[in-house]
C-alpha cells in the first residue's frame, strides 16, 4: 500500500515541477524580451532619414533638399518648426534675392497648377489678388514674403529608405524682404501642424502618405549639418553614460570610451542613459512647452514663478529669453569673460568676489569659483563681438545650465550646445527675446535629439551625437544658380590696374603712330615732286 500510494503522487509531483520550471523559464524569457523592447524597441521602428546641411555661424539655419515638380527641380529649404508653409521663389520674381538654386519654373513642370480665383473663391479662406490666391507669411524678426499659391508634386528623398511623394499646395514668392533677400537657401519648409479647415501642412501630408511610419519626427543637429528623422528617433545616436561617442567619428560632442570598454553591462548602462525627457505641448498645432526655470550654478535666474511658455523653433538661430533673465545670466558670463589674462589686477579682482556681493547670490558659489579658476588656469581667453556677445577660446570652465520643465525635471544644457563655433572661438548663443516671444532655438537643439511626437502631442529631449553633413558634401544639381558676375569684380586690383596701364599705353602709342602718319602724309614730298615732267 505504501508503494501503491507513493507511486502516482511522485509522477504527479515531477509533472508539476516540470510545468513550474517551464512556466518560470517562459516568464523569464518574456521579462527579458520586455526589457529588450523597452530599450531597443525604438531601434526597430522604421526610420526615414534626411540629411541636413548648414550651421549656426555661417548660415544661421539648417536646411534640406526636396524635389518639386515633374521633371524634378531641387529646392533647398530651411527647416522651420515655427511655421507651417512650404514656399520658395518662382521664375518672374523681380523682388527676390539670389539663392542656391534658380527660382522654380512652373512652366517646366507638367504637374504644376496655379491656384486661380477669377471665376471662383479661393479655398481655405485665402485672399484673391489679381486673379490668384494670395500667399503671405510674416516672421518674428519682422521680415515678410508674399506671392501666390500653386500645387505640385513634392518628392522627399531619404538617403536610407524609399522616397515619399505627394501633392502639396505651396507658396510662390513674388516678393522677399529683410533676411530672406540674403539667405543662401532658396525657400522655407514649415514643420508645424495643419489647423482645422486650413491648408494641409508638409508634416501631415508626409505621414498620411507614409502610413508605415509612426507619426514622430526628430531633429538632430551638430556643429555642421545633422539629420531629420521621420518615424521616430535613433537610439544609436544617444550619448551613453560616462561621455559621448561620435557616430562614425562625425559627432561634435566630447569623445569618451564606449560602454563595453568601460567594463559596464551595456544593457544596464543603456537603460540608464536612454532617458528621453518628455514635455507636453501647451498649444495645438504649434510646438510650445512650459519652462519653469533656468538655473546657473544652482540658482534659478527666472523671476516669474509662473514660468515661460517657449516655442521650440528650429527656424530661430539663437535661444531668446526675457531681458531680465538674460541680464542675470549675462552678469555671470561677463565675470567669466576675461579678455586680458595678463592683467593681474583684473584677474585678482574677479577671484576676490564674494557671494554676498552678488545681487543674485549663487547656491553653488564654490562651483562658480571652480569655473573661474579653471578658465584662468587654462588661459581660456574671451573676446566680445557685436552687442557684447562673449566668445571663449575653449569650452573648458564654462558652466552647465539647467532648464526646469513643468514636472520640475532639470534638463542639462551644456556649453557645447548653448555656445556655437565661430572661427576658432565658442560664442554664446543666447539673446534677449524679440516681440515678447521666448524661443528655444537652434542653440538648444544642438547635440541632442529633439523628438516631436505628433500622436501624443509632446516633445522629447535626449543628448545625442548627431551626424555631421558639411555643406561641401552636398550633391550638386543642374538647376543651381549660376551667378552672372561682373568679370571686373572678380579680377584682383593689381591685374585690373595693369590692364588699365597696358590699355592706356596702347591707346597712347596708337595716337603717336597715327599723328606721325598724318605728319608724314602732309609734309613729306611726293615721289613726283622736284622732278621735271617726262615730256619736258
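Cβ atoms here come from the backbone N, Cα and C positions, even for glycine.
Quantities reported herein were computed from a predicted structural model and do not represent experimental measurements.
Summarising the annotation, Swiss-Prot assigns signal peptide to 1-34 and lists sequence analysis as the type of evidence.
Per Swiss-Prot, topological domain 'Lumenal' is recorded for 35-492.
Taken from Swiss-Prot, the feature domain 'Peptidase A1' covers 62-462.
According to Swiss-Prot, the active site annotation covers 80 (among others). Secondary structure at residue 80 (active site), taken from DSSP and collapsed to helix, strand or coil, is strand. There are 22 other Cβ atoms within 10 Å of the Cβ belonging to residue 80 (active site).
Taking Cβ-Cβ distances under 8 Å and a sequence separation of 6 or more, the neighbours of residue 172 (disulfide bond) in its chain are 87, 88, 89, 90, 93, 104, 106, 114, 135, 147, 148, 149, 150. The feature disulfide bond is assigned by Swiss-Prot to 90-172 (among others).
Per Swiss-Prot, the feature disulfide bond maps to 93-96 (among others). When Cβ atoms from all protein chains are considered, those within 10 Å of residue 93 (disulfide bond) total 17, not counting its own.
Summarising the annotation, Swiss-Prot assigns disulfide bond to 117-128 (among others). Taken residue by residue with DSSP, residue 128 (disulfide bond) is part of a strand.
The disulfide bond annotation in Swiss-Prot covers 122-133 (among others). For residue 133 (disulfide bond), the same-chain residues lying six or more positions away in sequence with a CB closer than 8 A to its CB are 115, 116, 117, 122, 123, 126, 127, 148, 149. In this structure, residue 133 (disulfide bond) is part of a beta strand by DSSP.
According to Swiss-Prot, the feature disulfide bond maps to 220-466 (among others). Mapped onto three states, the DSSP output places residue 220 (disulfide bond) in strand. Note on residue 220 (disulfide bond): other Cβ atoms within 10 Å of its Cβ, all shown chains, come to 27.
According to Swiss-Prot, the feature region 'Disordered' maps to 244-264.
Here Swiss-Prot flags 244-258 as compositional bias 'Low complexity'.
Under the heading active site, Swiss-Prot lists 313 (among others). On its own chain, residue 313 (active site) has 80, 81, 82, 287, 439, 440, 441 as residues at least 6 apart in sequence with a Cβ closer than 8 Å to its own Cβ. In the three-state DSSP assignment, the secondary structure recorded for residue 313 (active site) is coil.
The annotation disulfide bond is assigned in Swiss-Prot to 337-382 (among others) on the grounds of experimental evidence. For residue 382 (disulfide bond), other Cβ atoms within 10 Å of its Cβ number 20. Secondary structure at residue 382 (disulfide bond), taken from DSSP and collapsed to helix, strand or coil, is strand.
The disulfide bond annotation in Swiss-Prot covers 391-427 (among others). Look at residue 391 (disulfide bond): DSSP puts it in a strand. Taking Cβ-Cβ distances under 8 Å and a sequence gap of 6 or more within the same chain, the neighbours of residue 391 (disulfide bond) are 382, 383, 384, 385, 422, 425, 426, 427, 428.
Per Swiss-Prot, the feature topological domain 'Cytoplasmic' maps to 514-536; the stated evidence is similarity to another entry. Per-residue confidence over the topological domain 'Cytoplasmic' (514-536) averages out at a pLDDT of 59.
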> Including all protein chains displayed, how many Cβ atoms other than that of residue 122 (disulfide bond) lie within 10 Å of its Cβ?
Replying inline: 17
> If you count the C-beta atoms lying within 10 Å of each candidate's C-beta, which of the disulfide-bonded residues 117, 128 ends up with the smallest number?
Replying inline: 128
> At the level of the C-alpha atoms, what whole-angstrom distance separates residue 337 (disulfide bond) and residue 128 (disulfide bond)?
Replying inline: 55
> In angstrom units, rounded to an integer, how far apart are the Cα atoms of residue 128 (disulfide bond) and residue 96 (disulfide bond)?
Replying inline: 21
>> Under a three-state reading of DSSP, tell me whether residue 90 (disulfide bond) is helix, strand or coil.
In response: strand
